[in-house]
Number of protein chains: 2
Amino acid sequence: MSRGRAVNACCVRWAVRGLASRRAWRIPKVAGAMAPLGEGSDDPVLPDLPRGPLHAARARASFPWKELALFWEGPDMLRFKKNIFSALENDPLFAHPPGSLSLEKYRELTFLRCKRVFEYDFLRVEDLLGSPLRVLALIQCLGMYDWSLATKFFLHTLTFGSAIYSSGSERHFKYLPKIFTMEIFGCFALTEVSHGSNTKAMRTTAHYDPTTEELIIHSPDFEAAKFWVGNLGKTATHAVVFAQLYTPGGQCHGLHPFVVQIRDPKTLLPMPGVMVGDIGRKLGQNGLDNGFAMFHKVRIPRQDLLNRSGDITPEGTYVTHVKDARQHFSESLGSLSSGRVAIAGMSVVNLKLAVSIALRFSATRRQFGPTDEEEVPVLEYPMQQWRLLPYLAAAYALDHFSKSLFLDLVELQQGLLGKDRSARQAELGREIHALASAGKPLASWTAQRGIQECREACGGHGYLAMNRLGDLRDDNDPNCTYEGDNSVLLQQTSNYLLGLLVRRDQGGARIESPLKTVDFLEAYPNLLGHRFEGSSPEDCLDSSVPLAAYEWLVCYLLRESYQKLNQEKQSGSNDFEARNNCQVRVCFKGCFSNDSLLIPAPSCPW
Amino acid sequence: MSRGRAVNACCVRWAVRGLASRRAWRIPKVAGAMAPLGEGSDDPVLPDLPRGPLHAARARASFPWKELALFWEGPDMLRFKKNIFSALENDPLFAHPPGSLSLEKYRELTFLRCKRVFEYDFLRVEDLLGSPLRVLALIQCLGMYDWSLATKFFLHTLTFGSAIYSSGSERHFKYLPKIFTMEIFGCFALTEVSHGSNTKAMRTTAHYDPTTEELIIHSPDFEAAKFWVGNLGKTATHAVVFAQLYTPGGQCHGLHPFVVQIRDPKTLLPMPGVMVGDIGRKLGQNGLDNGFAMFHKVRIPRQDLLNRSGDITPEGTYVTHVKDARQHFSESLGSLSSGRVAIAGMSVVNLKLAVSIALRFSATRRQFGPTDEEEVPVLEYPMQQWRLLPYLAAAYALDHFSKSLFLDLVELQQGLLGKDRSARQAELGREIHALASAGKPLASWTAQRGIQECREACGGHGYLAMNRLGDLRDDNDPNCTYEGDNSVLLQQTSNYLLGLLVRRDQGGARIESPLKTVDFLEAYPNLLGHRFEGSSPEDCLDSSVPLAAYEWLVCYLLRESYQKLNQEKQSGSNDFEARNNCQVRVCFKGCFSNDSLLIPAPSCPW
C-alpha cells in the first residue's frame, strides 16, 4: 500500500522551499487573522467550554485544563490549530452531510475539499521555519476532520511532490508549480498487486530506446499492475512510477522512479497505453481513491527518469554516484523513517479522538447505582476507568514520543541537507530508523486496540456509526499495514538491536547511540542479574521500577534471540532460514500483542 | 441492544411445536432432495476441490480433509448445511450485487431474502427432533452468508415468536400462524436510549385502565424511547414491548412484556400514538433495520399482556404465581443463557471465515525468499504461522465448546419443559449461566482479535472491502456487546465462582456441579501449592500441563478476589462499593485481554 508514504524523504526541506516559491503565485489566502492568546475565559483560542451534561465531571478536575493545554502545545501551536479548525468549521464545503455518501460522491467531495485546503494557505514559510512541527500538526488537524482528505492532500503535495523534488533534479522542477495550482494531480506508484514488502521484486519495466531517447514503461502481466496507489483511482493526472530500469543490451539497473502521465488533465481520460481504475471500496478512508494501473509500452521522454541516484545518457549508458547497495540503503533510511514517524503521529490522533469520545460518554452515561433511585456515571466504575484511562495515558505518552521523534527526524534531514557524511549522522539515521520501525507498530496497534476498547466501553451507542468510533477504527487500521506491515517492521528494530550486540561481541564496540536510547544495553548481560524490587503497587508508581523491568525484558529477549540465532546458524541454516526460524522471538511481538509494555493487567501475578 | 436476544427462552421447545403446526399451512417447499453421502470424489456433499493455486498447499496435508469433515460434523449435518448453501447459491435473490448497496436498498433486499428463507423450509420437524443442533446450524449458515439476514430472520421467528410463546399463554397463540406467513413481522423491544444493562431501570410504562379494560403504553421522555430494536426501523408491524406495569392506585409490578402493534401491515404506516424510525447506519449488519419507538398513550387490549409470570384481572388486580425475585431470576437464567450460547456459536463462524480467508491467501501470496528468484508463500514463515494457526486451533476448540454448551442448554430446557424443580436442575441452570457468561466473551473477543489479526496478516489486500475481513469484523463486533457487555458478563461468572467458595467456607458444601466444570476447585486452596512442572516446549504439548497451569491461575485469581472482597467489606464498604472496588480483579479480564488463557506468547519468560 503506497498511500502511507505520507511525509516522504526530505519533506521539511522540500516544504520550506516549495512553499517559499509558492508565495510568488499568490494563491488567495482565506485563513482569518489570529487573535492573541490571553488568560481570560473569553480567550478566542481556549474559550470556556459551554455548560452541559459534562460540566459536573469537568468541575471535579484537580488541575486547570487550559494550563495543561498551554503547557502541552504552547500558545503558537494552539493558535495554529485553532486557525485550521475555525476555517473548516465555517466553510460549508466541510460540513458533514446528513446520511451517508455514495462512494463516488464521497471521493468527489474529498477532491473538492483538497482543492480548498490549498486555497487556505495554512502552512506559512515564516511560521514553518521556527516550528517544523507544524507540518505534522497540519496532517493531524486535517486527519481529525477526515483522514481521506488528509491523505489525499499529502499524497499529492508531500509524497508526489517530495518524490519529484528529492529523487529528481532541476529538470523536474517544472512540475512543482503545477502541483500547487493543482494543474496536475499526483500519486506515488510503488506497490504492485503481487509485491508490497519485497520492493526489489517489483516487475514493472522501463526499457530505454536510444533511437527516440525514450523510456518504455511496461507491465508484463496483471501481477505487475501498480495497485493500492492513493489518488490514482479517479483523479491523478501524473504518477511517480517505480520500475526496473533496463539499458540497451538488457542490463537491469534496479528500481528507479519515473514521472508518467496517467490522464489528460482536462478530460481525466487515460493516456494511450495506460489502463487505470479504482480498486473499489476499502475498509476505511473511502474518500481517497486508491487505484491500479497497467502500462502497455507507454513511451516517456528520457528526462522523466528521476535521476538523483542514477541517470541514462542519450546513448543509453547508465551513470550513478551511488557506490554500492549499502550506500543506497543508508541514504534511503531517512525516507523510510519519515513515513513511519508521520504514521505514529497519525495513530495518536485517532487514539485521542476515540478516548475523548469514550470518556465524555462515560461521564454522562449512568447505569446502576447503590440504590434503585441513584444511578452512577459509568466512568465512576473502576472497571470502566481501567478500560479507558490507560489509553488516555498512552495518548499523552505517544503524543510526546511521536513529536520528539519527528524533531529528531528533522535534525537528521538537516544533516542530509548539509551533506553531513559523519559517522554520527549515519548512526543517527540507523537509530531513528530503528525507533520509527518500532514506534509505528506501537502507536498504530495501541490506537487500534484503544479504539476497539472505546467502542466496547460505549456499549451499543459505540456501535452506532454517527458516534464515529467505527470510522476511527477503520481509518486507523491501515496504519498497521502501510509503510511496512507492523510485524515485519518490528524485525527491523530487533535486527538493529542484535546488530549492536554482534558488533560489541565481535569488535568490542561500545553500545551507544546519538539519542542515547540504547546506551543502557552497555550493561548487558549484567542487567539480567537484576531482580524486580517493587513489593507494593506504590513502589511501581516510581517510574524507575517499570523502567528497570523494561530494561531487563529487552535484555532477556535479546539474549534469547541472540542464542537462538546462533544455534540456527551453527546447525547449518543459512541467513534466510536462521532469521525466519527465530523471527517470532527476535521481534517483540509477544510483548506488544499483550500490551504488557504499555498497559499492565492489574491482576497479573507476574 | 436487543437484537442479540437471538435464541430466546425455550427456543427449541417452541421451534418444535411451532414448526409442527406450521406444516398444516403448506408453505411451499423449495429445498432440493438430498443425495446420500458417499466416500467417492464425486460425492455431492463433499466434492473434490477444484485444482487451483491452493492445490500445492492442500496436497501437503498430513490427513484426509474429508475424513476430518465427516468426523467433525457427521454426514447428516454436512447434508443439512450443503442443502442450505446450495439453495442460497442457486437463487438469484441471494447473489451478491456488484458494488455497494445504499442503506435503504440493503435493508429492503434483506427483508426480501428473509421472506424467501421462510419459503425454503430448511428446518424440518422430523430432523430437528433427532438433532437440535440444526437450530444453531441454520443460524450459522445464514450468518455465513450474511449476518443481517440471519439476525432479521431469527429476531422475527425465534426472538419475537418465542417471547410470545414462552412469555404468553394460549390467548396469544393466534399470533403464531401469522408469524410463519409473515402476515405480521415482529421485534423484541427491551433496550431504551438510556438503559441497556440495567433492565430494572427501564422507564416505559403500562398503566391499566379498568373502564375500557385496556393498557396504556407510554414513553415518559426521549430517554425512555425503545432503541436499538432489530427489525423495528423499517419493517416490524408488531413488537414485544417491555414496560413497567402499573395497576389502578399506582402500584408498580415491575417490567412485563406486552404485544404492541407498531405499524399497519398493509401500508407500514405507524399506528396512532407510535413514533417509530430507523436509528441509522451502524458499524456493521446494515441490512438489519434497527429502530427506535416512542409511545404516546397507546392503548392495547388487556389480553395483550404476555401473562406467563403475571396477569391482571378485568377489574385491575395483579395476580402471579412467582413467589419472589429469586424464583423469577432462577426461571429467567435459561432465557439469558440461550442468547449468549447462540452468540458464542455465531462468533465461531466469523472466526472460521476469517481464518479460512487468511490461510488461503497466505498459502498463495509469495514474498521474499532464500534467493531473488525464488519467493516463498508467506504461510511458510514461522511468524505468519504464529499469527494465524492459534486462531485456527481456537476455531476448532470454540466450535466444539459452543456446540456442547448448546446441547447442555437443550438438556436444561427439556428439564424446564418437564417442570423439573430438582436441586440438580437449578444447579445446572446456574452452571450453564456461568459458562455462557464467560463463553460468550471468550468466543466473541477471540473472534474479534482473530479477525483483526487475519486482516493484518493479509496486508493491504486484507484492507480491500471485497475480501470480506472488514465485514466480518464489523458484523462480529456487536457480539461483544449485546446480550450483556463482555466485561460486565465476566463478573457474572466470577460471582458464581466466588459464591461456590463462600458456600464452602460458610457451610462446608462440596464444590461440584452437574457438568463437573468446577469440581477441580474442591482442591482449592491446595492447588496453589502446585508448581509448574514443564521444563521444555515438548512438556507443554502434554495437555495436562497447560490444564494444570489454568487450574492454578483460576485458583490464584479467586483467592486474590476473595481476599480483596473480604477486605473491602471489613473496611465498611457496602455490597455495591465492595464489588465495584474489586471488579477488575474479580473478573478475569486481565487474562482474557492478554489472550493468555488461549494463546500463549511463545517468547514469554513467565
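We count from 1, first residue shown onward.
In case you wondered, yes, glycine gets a Cβ from its N, Cα and C as well.
Annotated in TrEMBL:
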BINDING   B:THR191, B:GLY230  FAD binding site
DOMAIN    B:334-498  domain 'Acyl-CoA oxidase C-alpha1'
ACT_SITE  B:GLU483  active site, proton acceptor
DOMAIN    B:544-585  domain 'Acyl-CoA oxidase C-terminal'
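Separation of the C-alpha atoms of the residue listed as 'active site, proton acceptor' and B:THR191 (FAD binding site): 10 Å, rounded to the nearest whole number. Less than 8 angstroms from a Cβ of chain A: among the recorded positions B:THR191, B:GLY230, B:GLU483, that describes B:THR191. In the domain 'Acyl-CoA oxidase C-terminal' (B:544-585), helix, strand and coil residues by DSSP number 38 helix, 0 strand, 4 coil.
In the structure as shown, the Cβ atom of B:THR191 (FAD binding site) sits within 10 Å of 27 other Cβ atoms. In this view, the densest Cβ surroundings among the recorded positions B:GLY230, B:GLU483 belong to B:GLY230, judged by other Cβ atoms lying within 10 Å.
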